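If you look up TrEMBL, you'll see Cys120, Cys122, Cys130 marked as Zn(2+) binding site. Per TrEMBL, active site, schiff-base intermediate with substrate is recorded for Lys195, Lys248. Among the features that TrEMBL reports, 5-aminolevulinate 1 binding site is placed at Arg205, Arg217. Residues or ranges marked as Mg(2+) binding site in TrEMBL: Glu233. The 5-aminolevulinate 2 binding site annotation in TrEMBL covers Ser274, Tyr313.
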Amino acid sequence: MFFPEYRPRRLRRNETLRSLVRETELSLNHLIYPLFVVEGHGIKEEVPSMPGVFRFSVDLLKEEIKEIIDLGLPAVILFGIPAQKDEIGSEAYAKKGVVQRAISAIKKIAPELLVITDVCLCEYTSHGHCGIIKGSEVDNDLTLEQLARVAVSHAKAGADMVAPSDMMDGRVARIREALDEAGFSHIPIMSYAVKYCSSFYGPFRDAAESAPQFGDRRSYQMDPANVREALREATLDVEEGADILMVKPAMPYLDVITRLREEFNHPIAAYQVSGEYAMIKAAGKLGWLDEERAMMESLISIRRAGADIILTYFAKEIAKKLAK
Ligand code: PBG
Ligand code: ZN
């Protein structure tokens, strides 16, 4: 049946009808809120390119965590900015490192809040790369040993899940083995399985002070032109034992999210990254976009593409909006 017998507008006449036929929902249950924790005391500083996002020292986390809990958000992912960086990123697995202390602080305040940790070296290395440098390259296999140490140290501090974002080959298997050996076979791995070498990480690198001091990340992060390679990366991570597969960034890669959704039966996460957030915030500030509507639309699009879970800097704002 076609027009004039069939009229699609019949089901759009009012909000009750529209909600009745709505295919995708956004709920707080799927959201993960990223948190930056910085070494020091009494620090709560806004990230200039990410309005509304702050870096906290561990002593000031309490209020923020309480707010997150009160808003009903289920999970956070932690990024640490240490006082000292070195060639091998050793602060990343220090027993009293900034993330390790943040985990135990959060668990004391809110034991039910899911604490996920980003496992990488770039915030902790003096050169800003995600691995150990040998000669002029990032050495894959040496890096795996460091990543395994980082993951185990997070689990020991009380993390509920680890999320490796380095893009080294074989890291999921190595981290799984290390966690299992250390008695953490119950801790899931959310792998940044498909992480593109993206300009949209710009604001994050300011927030985390993790921009590479020489070269770029193209020898380990993926080429934005590729989608079949994304399926190969995801296949490897599944075989290595990943529990959740992540695509990152989200909005420029919705097709990749859909492909993974179709080809895999694992939960799929998507990271709406710092640059995606900054774009919407900036256009909103200038009055060029309706910020709240752009935020909601961007998130529903990511869900529609097939993501189960979304990591987003908008999580608190969405919680406030959904509570209205
Ligand atoms: C660290 C890491 C990055 C992001 C998450 N983990 C930065 C990068 O790879 O350069 C990006 C998050 C964002 O932009 O919001 N490897
Ligand atoms: Zn990194």
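Every residue number used here counts from 1 along the chain in the order it is shown.
The backbone N, Cα and C atoms fix where each Cβ goes, and this holds for glycine too.
Values in this document were obtained by computation on a predicted structure and should not be read as measured data.
Annotated features, which come from TrEMBL, shown on the structure.
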{"residue": "Cys120", "record": "Zn(2+) binding site", "DSSP class": "coil"}
{"residue": "Cys130", "record": "Zn(2+) binding site", "DSSP class": "coil"}
{"residue": "Lys195", "record": "active site, schiff-base intermediate with substrate", "DSSP class": "strand"}
{"residue": "Arg205", "record": "5-aminolevulinate 1 binding site", "DSSP class": "helix"}
{"residue": "Arg217", "record": "5-aminolevulinate 1 binding site", "DSSP class": "coil"}
{"residue": "Glu233", "record": "Mg(2+) binding site", "DSSP class": "helix"}
{"residue": "Lys248", "record": "active site, schiff-base intermediate with substrate", "DSSP class": "strand"}
{"residue": "Ser274", "record": "5-aminolevulinate 2 binding site", "DSSP class": "helix"}
{"residue": "Tyr313", "record": "5-aminolevulinate 2 binding site", "DSSP class": "coil"}
Worksheet entry | Nonlocal residues around Cys130 (Zn(2+) binding site), in sequence order (Cβ under 8 Å, 6 or more apart) | Cys120, Leu121, Cys122, Val138, Thr143, Ser165, Asp166, Met167, Met168, Arg217, Tyr220
Response to the item:
Taking Cys120, Cys122, Cys130, Lys195, Lys248, Tyr313 as the recorded positions, the residues having C-beta under 6 A from ligand 2 are Cys120, Cys122, Cys130
Practice prompt. Drop a 10 Å sphere on every Cβ of the binding-site residues Cys120, Cys122 and tell me which sphere holds the fewest other Cβ atoms.
Written response: Cys122
Worksheet item: Are any of the recorded positions Cys120, Cys122, Cys130, Glu233, Lys248, Ser274 near ligand 1, with a Cβ under 6 Å from it, and if so which?
Response: Cys120, Cys122, Cys130, Ser274
Worksheet, complete the sentence: The rounded CA-CA distance in Å from Ser274 (5-aminolevulinate 2 binding site) to Arg205 (5-aminolevulinate 1 binding site) is 9
Discussion item. Nearest of the recorded positions to the residue listed as 'Mg(2+) binding site' by CA-CA distance, picking from Lys195, Arg205, Lys248, Tyr313?
Written reply: Lys195
Fill in: From Lys195, Arg205, Tyr313, the recorded positions whose CA lies within 10 Å of that of Lys248 (active site, schiff-base intermediate with substrate)
Lys195
Worksheet item: Which has the fewest other Cβ atoms within 10 Å: Arg205, Arg217, the binding-site residues listed?
Response: Arg205
Fill in: Pairwise Cα distance for Lys195 (active site, schiff-base intermediate with substrate)/Arg205 (5-aminolevulinate 1 binding site) [Å, integer]
15
Worksheet item: By a simple count of other Cβ atoms within 10 Å, which of Lys195, Lys248, the active-site residues in the record, is least packed?
Response: Lys248
Worksheet item: Residues with Cβ closer than 8 Å to the Cβ of Tyr313 (5-aminolevulinate 2 binding site), same chain and 6+ apart in sequence?
Response: Tyr33, Pro34, Met50, Gly52, Val53, Gln272, Ser274, Tyr277
Response to the item:
Other C-beta atoms within 10 angstroms of the C-beta of Glu233 (Mg(2+) binding site) total 22
Item to complete: Other than Cys120, Cys122, Cys130, which residues of the same chain sit close to Zn(2+)? List them in sequence order, counting a residue when its Cβ is within 8 Å of the Cβ centroid of the site.
Response: Gly89, Leu121, Glu123, Thr125, His129, Gly131, Ser165, Asp166, Ser210
